[in-house]
Each structure stands twice: as C-alpha cells, then as structure tokens.
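Okay, so here's the structure we're looking at.
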C-alpha cells in the first residue's frame, strides 16, 4: 500500500452533455492532477465525482478509467459507500481487484441508522473485500454524527485506518487526534485547511485541489513548519478563490476553470445544472485570470 498522507484531489468526472461519462475528458482531468497539480493521490468516487447520481456500472467504469490512467504513479482511494450495502460491497470488491490502495465509504445516510448498524456496514465491507478502509464523515450532508467513543469502537477493526473529516467541528477533530494518534485524519474542507493542519491532520482531500493544489500544499507545509502567518496569507487567497467558486456553482465552476487550462472537463450530471450560463462563464474567466 502506498503512503496515504498528503494532498489528494477529490476527483472530478467529465460528463458529456447527455450525461454519459466522457472518458477522454476524465483521463485529461486525471493527467492534469498528476502532471500539473502534482497531487499525492486521488480520491475517486466521492461527492466531487457526482457519485451518488451514478449507476453501479458507471461507478465501476470510473474506477477502471482512473486506475488505468494513473496506474501506480500516485495513491488511489476508492469511495465505495452507498446506502445499499450490497452495492458498496460489490464496488469494494471491484476496486480492490483493480488494485486501489484503500477503500473509503460514506456513512450510510437518509435512514436514521443506529451506530450498531453503521459499524456493521463498515465491518461487512471490510470482511467482504479484505481491503483497508477510511470512514467518510460528512455530517452536514448525511446527518450522521459519530462521537469520539464511537470512533474508538470503529477503530477496533484494524483495517479502518482513519477518517476523511469533512466537518467544521474542530473540537471533535482535536479530541479524535488526541485519543487515536495512530489513526489518520484527512481534512475535507479546503477552506479550513490551516486550522485542521494545526490540529494534526495527516492529509487533505479536496475538490478545489483539482485547480489549486500548489496553494494547498503551501498551506499544509507552512503550517506544519509553524509558519502560521505565511500559511494564513495563502489561506486568505485560497478562500477568496473558493468564495468565488462556491457563489458561481462549485463543480460546474471548477470544470470551467479546468477548461480554461485546456482540460476537457465536460459537463455536470443532471439534476445538477449541466452547462454553465454566459454569466457563469464570465465569472470563471475572471477567477482564472485573478487566481490561476
């Protein structure tokens, strides 16, 4: 297994206007991340990949393309989580057979699952695949909150390496790192990277890293070195960019920023707005000129 720490892009997926996967565009996004952004790895099949609007076959195809293009150049994490446990297991087996370095799974959502059911979900995926696992915690979208003691219960399974922590609860983050120092934490909010790194995270997984990895790496390294004023200056610029992206449409705008760099990033998947308006294109061009 490769080193899983550092800067990981949450991989965007290029779609054609009819919603089908644009394989050429997806390969270009992967190459851009590896060759230009110099990421340490890719997190494939997450929220940024518009994953929860895709069929099982489409998810498998994205895993296949990403592994075929990246090969062993960087670390690859496959997000296989689903409210359908059978699908999660099927995807986990497939990604493991392809040679992904680790699996990740979002907490099961929509229904109010008990913690015992959530633990069973993770233990089952691990038992069926034999691969390592990263818990994907994103409570503002799933409504699932896992406490410090509950993480301890999950961590009794030695295959669970840590958590992708996409939350703003830095008290919980600090408590987790203190309680379980041997388990890894990846920051999931790009706009709050500096405080997360100051609290000891081992890496970061972010959507804006598809276009902004150099600054993300600066924040990560400067904060680790204790150069907080310098790191904060970079975080300010990063957040100015992120603010513009969020106001203009997150995934759509990042795709337009990639297109401005010659990457065939395609469209978004409906029911998201698939194609940028003229106004959104103007904003993307202004963001590109100012920040990239």
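Any Cβ shown, glycine's included, is placed from N, Cα and C.
Per Swiss-Prot, the feature active site, proton donor maps to 136. Using a 10 Å Cβ-Cβ cutoff, residue 136 (active site, proton donor) registers 25 neighbours.
Other Cβ atoms within 10 Å of the Cβ of residue 164 (active site, schiff-base intermediate with substrate) number 27 in total over all chains. Feature annotation from Swiss-Prot assigns active site, schiff-base intermediate with substrate to 164.
The feature aceneuramate binding site is assigned by Swiss-Prot to 47, 48, 166, 188, 190, 191, 207, with sequence analysis given as support. Taking all protein chains in view, 25 other C-beta atoms sit within 10 angstroms of the C-beta of residue 190 (aceneuramate binding site).
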Report task. State, in Å as a whole number, the widest CA to CA span among the aceneuramate-binding residues 47, 48, 166, 188, 190, 191, 207 given in the record. Result -> 16
Report summary line: Across 47, 48, 166, listed as binding-site residues, the smallest other-CB tally within 10 A is for 47
**Report entry** Check: same-chain CB within 8 A of aceneuramate site center, minus 47, 48, 166, 188, 190, 191, 207
**Finding:** 10, 189, 205, 206, 208
